[in-house]
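J.: According to TrEMBL:
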- 92-359: domain 'G-protein coupled receptors family 3 profile' (DOMAIN)
- 91-117: transmembrane segment (TRANSMEM)
- 129-148: transmembrane segment (TRANSMEM)
- 168-187: transmembrane segment (TRANSMEM)
- 208-229: transmembrane segment (TRANSMEM)
- 263-284: transmembrane segment (TRANSMEM)
- 304-322: transmembrane segment (TRANSMEM)
- 328-349: transmembrane segment (TRANSMEM)
Amino acid sequence: MGDNAEFSHHKMIEAIDNSSFQGLTGKVKFANNERLGLVDIKQWSEGEYIPFAMYDGAEDEFKIIDSTTKGWSPPLDSTITERRREHISSLLFLAMSLLALIGIFLALIFLLINFRYRNHRFIKMSSPNLNNIIIAGSICTFASVIMLGLDTRIVSPDVFVWLCYMKTWTLCIGFTLSFGAMFSKTWRVHSIFTNIRMDRKAIKDSKLFLILGVLLFIDICVLVTWAFLSPFSYTVTELPHIPEDNIVIIPEVEKCHSSHSGVFQAILYVVKGILMILGCFLAWETRHVNVPALNDSKYIGTSVYCCVVMSVLGLSTSVILQERVNEMFSLASFFVIFSTTLTLCLVFVPKVIELARNPVGNEPRAYRRGLMKSVVAKTSQPMSPQPRS
(Lines of atoms letter the chains of each structure in order from A and count residues from 1; the text may use other names and numbers.)
(Lines give C-alpha, C1' and ligand atoms only; values in the text may rest on other atoms or scores of the structure.)
Protein backbone atom coordinates (compact mmCIF):
# COMPACT_ATOMS: atom_id res chain seq x y z
CA MET A 1 0.00 0.00 0.00
CA GLY A 2 2.88 2.25 0.67
CA ASP A 3 4.13 1.76 -2.85
CA ASN A 4 0.66 2.40 -4.25
CA ALA A 5 0.29 5.53 -2.10
CA GLU A 6 3.64 6.87 -3.31
CA PHE A 7 2.66 6.04 -6.86
CA SER A 8 -0.69 7.80 -6.42
CA HIS A 9 0.99 10.93 -4.97
CA HIS A 10 3.40 11.13 -7.90
CA LYS A 11 0.59 10.68 -10.37
CA MET A 12 -1.45 13.34 -8.63
CA ILE A 13 1.33 15.92 -8.85
CA GLU A 14 1.91 15.07 -12.49
CA ALA A 15 -1.82 15.31 -13.23
CA ILE A 16 -2.03 18.73 -11.56
CA ASP A 17 0.98 19.98 -13.53
CA ASN A 18 -0.59 18.86 -16.78
CA SER A 19 -4.07 20.10 -16.00
CA SER A 20 -5.50 23.36 -17.30
CA PHE A 21 -9.03 24.73 -17.11
CA GLN A 22 -10.91 28.00 -17.34
CA GLY A 23 -11.62 29.49 -13.94
CA LEU A 24 -13.25 32.66 -12.65
CA THR A 25 -9.93 34.54 -12.70
CA GLY A 26 -8.93 33.23 -16.11
CA LYS A 27 -7.21 30.17 -17.35
CA VAL A 28 -5.66 28.02 -14.61
CA LYS A 29 -2.42 26.19 -15.31
CA PHE A 30 0.45 25.03 -13.11
CA ALA A 31 4.20 24.69 -13.63
CA ASN A 32 6.77 23.74 -10.99
CA ASN A 33 4.10 23.71 -8.32
CA GLU A 34 3.11 27.29 -9.11
CA ARG A 35 0.15 28.70 -10.98
CA LEU A 36 0.83 30.41 -14.26
CA GLY A 37 -1.25 33.56 -14.38
CA LEU A 38 -1.36 37.05 -15.80
CA VAL A 39 1.53 39.46 -15.21
CA ASP A 40 0.90 43.19 -15.65
CA ILE A 41 3.87 45.30 -16.74
CA LYS A 42 3.58 48.98 -15.86
CA GLN A 43 5.84 51.98 -16.38
CA TRP A 44 6.38 54.64 -13.75
CA SER A 45 5.96 57.97 -15.50
CA GLU A 46 5.23 61.43 -14.16
CA GLY A 47 4.34 60.21 -10.69
CA GLU A 48 2.03 57.31 -11.62
CA TYR A 49 2.09 53.77 -13.00
CA ILE A 50 0.94 53.48 -16.62
CA PRO A 51 -0.01 49.99 -18.03
CA PHE A 52 2.44 49.06 -20.73
CA ALA A 53 2.10 45.31 -21.45
CA MET A 54 0.70 42.04 -20.13
CA TYR A 55 2.17 38.53 -20.08
CA ASP A 56 -0.14 35.48 -20.05
CA GLY A 57 1.84 32.65 -18.48
CA ALA A 58 -0.79 30.00 -19.25
CA GLU A 59 -0.86 30.75 -22.96
CA ASP A 60 2.75 32.00 -23.05
CA GLU A 61 1.69 35.20 -24.78
CA PHE A 62 3.14 38.72 -24.43
CA LYS A 63 0.81 41.56 -25.36
CA ILE A 64 1.70 45.26 -25.55
CA ILE A 65 -1.19 47.37 -24.31
CA ASP A 66 0.09 50.88 -25.14
CA SER A 67 2.47 50.90 -28.09
CA THR A 68 2.67 54.71 -28.03
CA THR A 69 4.69 54.82 -24.80
CA LYS A 70 7.96 56.63 -25.47
CA GLY A 71 11.20 56.93 -23.61
CA TRP A 72 11.03 53.48 -22.08
CA SER A 73 14.30 51.81 -21.29
CA PRO A 74 15.22 49.00 -18.94
CA PRO A 75 16.25 50.21 -15.48
CA LEU A 76 19.93 50.10 -14.63
CA ASP A 77 21.24 48.02 -11.79
CA SER A 78 23.74 50.76 -10.83
CA THR A 79 24.51 54.43 -11.50
CA ILE A 80 26.75 55.13 -14.47
CA THR A 81 29.52 57.69 -13.89
CA GLU A 82 30.91 59.70 -16.77
CA ARG A 83 34.11 61.75 -16.37
CA ARG A 84 34.01 64.84 -18.53
CA ARG A 85 37.20 66.89 -18.95
CA GLU A 86 36.46 70.62 -19.05
CA HIS A 87 38.51 72.45 -21.69
CA ILE A 88 38.58 76.00 -22.97
CA SER A 89 36.42 76.46 -26.04
CA SER A 90 38.52 76.27 -29.20
CA LEU A 91 36.71 79.25 -30.70
CA LEU A 92 37.31 81.33 -27.55
CA PHE A 93 40.98 80.36 -27.48
CA LEU A 94 41.44 81.30 -31.13
CA ALA A 95 39.68 84.64 -30.63
CA MET A 96 41.78 85.63 -27.61
CA SER A 97 44.98 84.39 -29.25
CA LEU A 98 44.18 86.50 -32.32
CA LEU A 99 43.67 89.58 -30.14
CA ALA A 100 46.96 88.87 -28.36
CA LEU A 101 48.77 88.52 -31.69
CA ILE A 102 47.27 91.81 -32.85
CA GLY A 103 48.57 93.39 -29.64
CA ILE A 104 52.05 91.96 -30.28
CA PHE A 105 51.93 93.32 -33.84
CA LEU A 106 50.91 96.75 -32.51
CA ALA A 107 53.79 96.67 -30.02
CA LEU A 108 56.24 95.80 -32.79
CA ILE A 109 54.97 98.77 -34.83
CA PHE A 110 55.60 101.09 -31.88
CA LEU A 111 59.03 99.50 -31.44
CA LEU A 112 59.86 100.19 -35.09
CA ILE A 113 58.69 103.81 -34.79
CA ASN A 114 60.63 104.29 -31.56
CA PHE A 115 63.79 102.89 -33.15
CA ARG A 116 63.35 104.79 -36.43
CA TYR A 117 62.83 108.18 -34.75
CA ARG A 118 65.02 107.64 -31.68
CA ASN A 119 66.99 110.83 -32.51
CA HIS A 120 63.85 112.93 -32.86
CA ARG A 121 63.72 115.56 -30.09
CA PHE A 122 60.31 114.44 -28.84
CA ILE A 123 61.28 110.75 -28.77
CA LYS A 124 64.80 111.34 -27.49
CA MET A 125 63.57 113.33 -24.48
CA SER A 126 61.14 110.57 -23.54
CA SER A 127 63.93 107.99 -23.04
CA PRO A 128 63.63 105.71 -26.10
CA ASN A 129 65.53 102.93 -24.31
CA LEU A 130 62.89 102.81 -21.58
CA ASN A 131 60.21 102.94 -24.25
CA ASN A 132 61.72 99.76 -25.69
CA ILE A 133 61.50 98.16 -22.24
CA ILE A 134 57.80 99.08 -22.03
CA ILE A 135 57.23 97.44 -25.41
CA ALA A 136 59.16 94.30 -24.40
CA GLY A 137 57.08 93.96 -21.24
CA SER A 138 53.86 94.40 -23.21
CA ILE A 139 54.88 91.66 -25.64
CA CYS A 140 55.49 89.33 -22.67
CA THR A 141 52.04 89.99 -21.21
CA PHE A 142 50.39 89.42 -24.60
CA ALA A 143 52.29 86.13 -24.98
CA SER A 144 51.11 84.99 -21.53
CA VAL A 145 47.50 85.13 -22.79
CA ILE A 146 48.27 82.57 -25.50
CA MET A 147 50.06 80.27 -23.05
CA LEU A 148 47.17 80.60 -20.59
CA GLY A 149 44.81 78.87 -23.04
CA LEU A 150 47.01 75.88 -23.89
CA ASP A 151 46.02 72.52 -22.37
CA THR A 152 46.69 68.79 -22.82
CA ARG A 153 44.67 68.71 -26.03
CA ILE A 154 47.59 70.53 -27.63
CA VAL A 155 50.59 69.69 -25.43
CA SER A 156 51.59 66.72 -23.29
CA PRO A 157 51.25 66.79 -19.47
CA ASP A 158 55.03 67.24 -19.13
CA VAL A 159 54.99 70.27 -21.42
CA PHE A 160 51.94 71.56 -19.56
CA VAL A 161 54.03 71.73 -16.38
CA TRP A 162 56.63 73.86 -18.17
CA LEU A 163 53.81 76.09 -19.41
CA CYS A 164 52.82 76.65 -15.78
CA TYR A 165 56.23 78.22 -15.18
CA MET A 166 56.34 80.10 -18.49
CA LYS A 167 52.98 81.85 -18.20
CA THR A 168 53.69 82.81 -14.58
CA TRP A 169 57.14 84.19 -15.37
CA THR A 170 56.15 86.01 -18.56
CA LEU A 171 53.15 87.73 -16.96
CA CYS A 172 55.07 88.72 -13.82
CA ILE A 173 58.22 89.91 -15.58
CA GLY A 174 56.22 91.54 -18.39
CA PHE A 175 54.31 93.64 -15.86
CA THR A 176 57.52 94.62 -14.09
CA LEU A 177 59.22 95.62 -17.34
CA SER A 178 56.39 97.77 -18.66
CA PHE A 179 55.15 99.30 -15.43
CA GLY A 180 58.63 99.51 -13.89
CA ALA A 181 59.90 101.47 -16.89
CA MET A 182 57.00 103.92 -16.63
CA PHE A 183 57.62 104.19 -12.89
CA SER A 184 61.31 105.00 -13.48
CA LYS A 185 60.47 107.70 -16.02
CA THR A 186 57.97 109.31 -13.65
CA TRP A 187 60.48 109.17 -10.81
CA ARG A 188 63.00 111.08 -12.93
CA VAL A 189 60.44 113.79 -13.75
CA HIS A 190 59.54 113.99 -10.06
CA SER A 191 63.20 114.30 -9.07
CA ILE A 192 63.85 117.06 -11.61
CA PHE A 193 60.89 119.27 -10.80
CA THR A 194 60.81 118.82 -7.03
CA ASN A 195 64.43 119.84 -6.52
CA ILE A 196 65.25 122.48 -9.12
CA ARG A 197 68.87 123.65 -8.81
CA MET A 198 71.23 125.02 -11.40
CA ASP A 199 74.05 122.69 -10.35
CA ARG A 200 71.90 119.58 -10.25
CA LYS A 201 73.23 116.73 -12.36
CA ALA A 202 71.03 115.10 -14.94
CA ILE A 203 69.55 111.73 -14.10
CA LYS A 204 70.82 109.38 -16.77
CA ASP A 205 69.10 106.31 -18.12
CA SER A 206 71.63 104.10 -16.35
CA LYS A 207 70.16 105.07 -12.97
CA LEU A 208 66.66 104.33 -14.25
CA PHE A 209 67.82 100.94 -15.50
CA LEU A 210 69.24 100.33 -12.03
CA ILE A 211 65.79 100.90 -10.50
CA LEU A 212 64.28 98.57 -13.07
CA GLY A 213 66.99 96.02 -12.36
CA VAL A 214 66.18 96.04 -8.65
CA LEU A 215 62.50 95.41 -9.39
CA LEU A 216 63.40 92.55 -11.73
CA PHE A 217 65.79 91.11 -9.16
CA ILE A 218 62.98 90.99 -6.57
CA ASP A 219 60.70 89.20 -9.04
CA ILE A 220 63.35 86.68 -10.04
CA CYS A 221 64.21 85.92 -6.40
CA VAL A 222 60.56 85.25 -5.57
CA LEU A 223 59.96 83.18 -8.71
CA VAL A 224 63.13 81.10 -8.32
CA THR A 225 62.36 80.45 -4.64
CA TRP A 226 58.84 79.46 -5.63
CA ALA A 227 60.15 77.03 -8.25
CA PHE A 228 62.53 75.33 -5.80
CA LEU A 229 60.40 75.22 -2.65
CA SER A 230 57.00 74.59 -4.21
CA PRO A 231 57.34 73.37 -7.82
CA PHE A 232 54.39 73.09 -10.14
CA SER A 233 52.79 69.77 -11.00
CA TYR A 234 50.04 68.67 -13.36
CA THR A 235 46.84 67.76 -11.55
CA VAL A 236 43.25 67.00 -12.51
CA THR A 237 40.69 68.34 -10.03
CA GLU A 238 37.18 66.96 -9.73
CA LEU A 239 34.36 69.49 -9.62
CA PRO A 240 30.95 68.94 -7.94
CA HIS A 241 29.09 66.03 -9.53
CA ILE A 242 26.15 66.69 -11.85
CA PRO A 243 23.35 64.05 -11.74
CA GLU A 244 21.45 63.48 -14.99
CA ASP A 245 18.83 60.68 -15.08
CA ASN A 246 20.79 57.48 -14.41
CA ILE A 247 24.14 59.11 -15.14
CA VAL A 248 26.37 61.12 -12.80
CA ILE A 249 28.70 63.47 -14.67
CA ILE A 250 32.02 64.21 -12.96
CA PRO A 251 33.56 67.39 -14.43
CA GLU A 252 37.35 67.56 -14.31
CA VAL A 253 39.64 70.58 -14.66
CA GLU A 254 43.36 70.58 -15.45
CA LYS A 255 45.37 72.77 -13.12
CA CYS A 256 48.89 73.85 -12.27
CA HIS A 257 49.23 72.73 -8.67
CA SER A 258 51.70 74.18 -6.21
CA SER A 259 51.37 73.45 -2.51
CA HIS A 260 52.47 76.92 -1.36
CA SER A 261 51.42 78.97 -4.36
CA GLY A 262 49.20 81.23 -2.23
CA VAL A 263 52.17 82.43 -0.18
CA PHE A 264 54.30 83.37 -3.18
CA GLN A 265 51.37 84.93 -5.00
CA ALA A 266 50.69 87.09 -1.95
CA ILE A 267 54.33 88.24 -1.92
CA LEU A 268 54.15 89.21 -5.59
CA TYR A 269 50.82 90.97 -5.09
CA VAL A 270 52.25 93.01 -2.22
CA VAL A 271 55.32 94.02 -4.24
CA LYS A 272 53.25 94.98 -7.29
CA GLY A 273 50.73 96.78 -5.09
CA ILE A 274 53.41 98.91 -3.44
CA LEU A 275 54.88 99.68 -6.87
CA MET A 276 51.49 100.80 -8.21
CA ILE A 277 50.79 102.94 -5.14
CA LEU A 278 54.16 104.68 -5.53
CA GLY A 279 53.46 105.12 -9.23
CA CYS A 280 50.15 106.81 -8.44
CA PHE A 281 51.88 109.09 -5.93
CA LEU A 282 54.58 110.15 -8.39
CA ALA A 283 52.03 110.68 -11.14
CA TRP A 284 50.00 112.91 -8.83
CA GLU A 285 53.07 114.86 -7.74
CA THR A 286 54.10 115.58 -11.36
CA ARG A 287 50.62 116.52 -12.56
CA HIS A 288 51.69 120.18 -13.04
CA VAL A 289 54.60 119.31 -15.35
CA ASN A 290 53.77 120.60 -18.82
CA VAL A 291 56.57 119.20 -20.98
CA PRO A 292 54.84 116.57 -23.12
CA ALA A 293 58.06 115.00 -24.39
CA LEU A 294 59.49 114.69 -20.91
CA ASN A 295 56.41 113.94 -18.88
CA ASP A 296 54.22 110.86 -19.27
CA SER A 297 52.74 111.20 -15.81
CA LYS A 298 49.19 111.96 -16.93
CA TYR A 299 49.13 108.93 -19.19
CA ILE A 300 50.97 106.83 -16.63
CA GLY A 301 48.41 107.81 -14.01
CA THR A 302 45.62 106.65 -16.27
CA SER A 303 47.53 103.45 -16.96
CA VAL A 304 48.08 102.89 -13.25
CA TYR A 305 44.40 103.31 -12.44
CA CYS A 306 43.51 100.96 -15.28
CA CYS A 307 46.05 98.37 -14.12
CA VAL A 308 44.79 98.56 -10.54
CA VAL A 309 41.16 98.09 -11.55
CA MET A 310 41.98 95.31 -14.03
CA SER A 311 44.23 93.54 -11.51
CA VAL A 312 41.60 93.60 -8.76
CA LEU A 313 38.87 92.42 -11.12
CA GLY A 314 41.11 89.78 -12.67
CA LEU A 315 42.21 88.41 -9.30
CA SER A 316 38.68 88.29 -7.89
CA THR A 317 37.15 86.67 -10.96
CA SER A 318 39.95 84.09 -11.19
CA VAL A 319 39.20 83.03 -7.61
CA ILE A 320 35.42 83.04 -8.03
CA LEU A 321 35.34 81.41 -11.47
CA GLN A 322 38.22 78.95 -11.07
CA GLU A 323 35.81 76.06 -11.72
CA ARG A 324 34.44 77.62 -14.93
CA VAL A 325 37.32 77.46 -17.35
CA ASN A 326 35.75 79.38 -20.25
CA GLU A 327 34.54 82.30 -18.15
CA MET A 328 37.81 82.54 -16.23
CA PHE A 329 39.97 82.43 -19.37
CA SER A 330 37.85 84.98 -21.25
CA LEU A 331 37.81 87.50 -18.39
CA ALA A 332 41.49 87.06 -17.47
CA SER A 333 42.53 87.41 -21.11
CA PHE A 334 40.32 90.46 -21.57
CA PHE A 335 41.78 92.21 -18.52
CA VAL A 336 45.37 91.54 -19.62
CA ILE A 337 44.83 92.49 -23.26
CA PHE A 338 42.78 95.60 -22.47
CA SER A 339 45.13 97.03 -19.83
CA THR A 340 48.27 96.29 -21.87
CA THR A 341 46.84 97.76 -25.07
CA LEU A 342 45.62 100.85 -23.22
CA THR A 343 49.08 101.35 -21.69
CA LEU A 344 50.77 101.08 -25.09
CA CYS A 345 48.34 103.51 -26.68
CA LEU A 346 48.58 106.05 -23.85
CA VAL A 347 52.37 106.03 -23.97
CA PHE A 348 53.02 105.89 -27.73
CA VAL A 349 50.00 107.32 -29.55
CA PRO A 350 50.80 110.91 -28.39
CA LYS A 351 54.32 110.41 -29.70
CA VAL A 352 53.02 109.19 -33.06
CA ILE A 353 50.73 112.24 -33.25
CA GLU A 354 53.66 114.55 -32.48
CA LEU A 355 55.79 112.84 -35.14
CA ALA A 356 53.02 113.35 -37.69
CA ARG A 357 52.69 117.01 -36.68
CA ASN A 358 56.39 117.76 -36.52
CA PRO A 359 58.45 115.12 -38.36
CA VAL A 360 61.68 117.13 -38.11
CA GLY A 361 61.47 117.92 -34.41
CA ASN A 362 62.71 121.51 -34.64
CA GLU A 363 60.54 123.23 -32.04
CA PRO A 364 62.78 123.69 -29.00
CA ARG A 365 60.83 126.83 -28.12
CA ALA A 366 57.78 124.75 -27.25
CA TYR A 367 59.93 122.69 -24.92
CA ARG A 368 61.33 125.78 -23.15
CA ARG A 369 57.87 127.30 -22.84
CA GLY A 370 56.48 124.10 -21.31
CA LEU A 371 59.48 123.86 -18.99
CA MET A 372 58.96 127.40 -17.69
CA LYS A 373 55.25 126.74 -17.13
CA SER A 374 56.12 123.64 -15.17
CA VAL A 375 58.65 125.48 -13.01
CA VAL A 376 56.22 128.32 -12.34
CA ALA A 377 53.42 125.88 -11.51
CA LYS A 378 55.67 124.02 -9.11
CA THR A 379 57.04 127.12 -7.36
CA SER A 380 53.59 128.74 -7.13
CA GLN A 381 52.15 125.89 -5.05
CA PRO A 382 51.42 126.91 -1.44
CA MET A 383 54.32 126.04 0.80
CA SER A 384 53.84 124.70 4.28
CA PRO A 385 54.85 127.23 6.98
CA GLN A 386 58.35 126.77 8.34
CA PRO A 387 58.79 126.57 12.10
CA ARG A 388 60.25 129.68 13.67
CA SER A 389 63.66 129.42 15.17
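Using N, Cα and C of the backbone, Cβ positions are placed for all residues, glycine too.
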J.: Counting a contact as 3 or more Cβ pairs under 8 Å, with residues at least 6 apart in sequence, do the transmembrane segment (328-349) and the transmembrane segment (263-284) touch?
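T.: No, these stretches are not in contact.
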J.: Look over the recorded stretches 91-117, 129-148, 208-229, 263-284 and say which has the most C-beta pairs under 8 A to the transmembrane segment (168-187).
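T.: Ranking 91-117, 129-148, 208-229, 263-284 by Cβ pairs under 8 Å to the transmembrane segment (168-187) puts 129-148 first.
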J.: With the transmembrane segment (91-117) as the reference, find which of 129-148, 208-229, 263-284 contributes the most Cβ pairs under 8 Å.
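T.: If we count Cβ pairs closer than 8 Å to the transmembrane segment (91-117), 129-148 scores highest.
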J.: Over the domain 'G-protein coupled receptors family 3 profile' (92-359), what is the model's mean pLDDT?
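T.: Across the domain 'G-protein coupled receptors family 3 profile' (92-359), the average pLDDT comes out at 83.
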J.: So what's near the transmembrane segment (208-229) in sequence-distant terms, Cβ-Cβ under 8 Å and 6+ beyond its ends?
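T.: Here the qualifying positions are 127, 129-130, 133, 165, 168-169, 172-173, 176-177, 180-181, 183-185, 187-188, 258, 260-261, 264, 267-268, 271, 275.
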